[in-house]
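Straight from Swiss-Prot, the features:
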BINDING   78, 103, 130, 131, 132, 133, 134, 135, 136, 137, 138, 201  5-phospho-alpha-D-ribose 1-diphosphate binding site
BINDING   195, 200, 201, 202  uracil binding site
């Protein structure tokens, strides 16, 4: 498993505003979209392309286009939905699937309650959107779900991660082609399974339920 922590002052600035408990939901949503676009730029460095002939106003030349089959973007519901627009604005030709997962707040174990994905992901590059990599359970289960449908490589984009979640995810994805792109790696998890210092519950803050 490869881990890349994006190092950019704009990412750090936007993340600082997201962490602020006084940031209202509309601002939180807008900044999340902007931040994800920056992370997506890093995450798509290895996206597959193929050569194409194009005509400029001056002459013929060769360029590239994103290869078929199209990459698949998979937000983990519900908080991952807040990251979707930032991703597809950068890669609008990508296909979008959905995976609904929830964390049991007592056991911290993930459960799948919904999915809308192609049955066969052979030769597909998949990009999973999950803002908070806390225990690693939900993201690990989502990645396993994709590989069971024959995905060839998976990149997860997370705004924040805890070391415990990364360690659990590395164990769960051993031997698989997985890359994790992070906005920041935080200190630890608290006794409730939340990232510290973190930014709270991303889903609640995105949708104004706190």
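Yeah, the Cβs are placed from backbone N, Cα and C, and that goes for glycine too.
Annotated features, which come from Swiss-Prot, shown on the structure.
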residue: 78; record: 5-phospho-alpha-D-ribose 1-diphosphate binding site; CB count, 10 Å: 15
residue: 130; record: 5-phospho-alpha-D-ribose 1-diphosphate binding site; CB count, 10 Å: 27
residue: 132; record: 5-phospho-alpha-D-ribose 1-diphosphate binding site; CB count, 10 Å: 25
residue: 134; record: 5-phospho-alpha-D-ribose 1-diphosphate binding site; CB count, 10 Å: 27
residue: 136; record: 5-phospho-alpha-D-ribose 1-diphosphate binding site; CB count, 10 Å: 26
residue: 138; record: 5-phospho-alpha-D-ribose 1-diphosphate binding site; CB count, 10 Å: 26
residue: 195; record: uracil binding site; CB count, 10 Å: 26
residue: 200; record: uracil binding site; CB count, 10 Å: 16
residue: 201; record: uracil binding site; CB count, 10 Å: 15
residue: 202; record: uracil binding site; CB count, 10 Å: 25
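Listed in sequence order, the binding-site residues from 78, 130, 136, 138 having a Cα within 10 Å of the Cα of residue 195 (uracil binding site) amount to none. Considering only the binding-site residues 200, 201, 202, the residue whose Cα is spatially closest to the Cα of residue 130 (5-phospho-alpha-D-ribose 1-diphosphate binding site) is 202. Residue 200 (uracil binding site) sits 9 Å from residue 132 (5-phospho-alpha-D-ribose 1-diphosphate binding site), taking the C-alpha atoms as the reference points.
Using Cα positions, the member of the binding-site residues 78, 132, 134, 136, 138 nearest to residue 201 (uracil binding site) is identified as 132. In sequence order, 131, 132, 160, 194, 198, 199, 203, 204, 205 are the same-chain residues whose CB sits within 8 A of the CB centroid of 195, 200, 201, 202, the residues recorded for uracil being left out.
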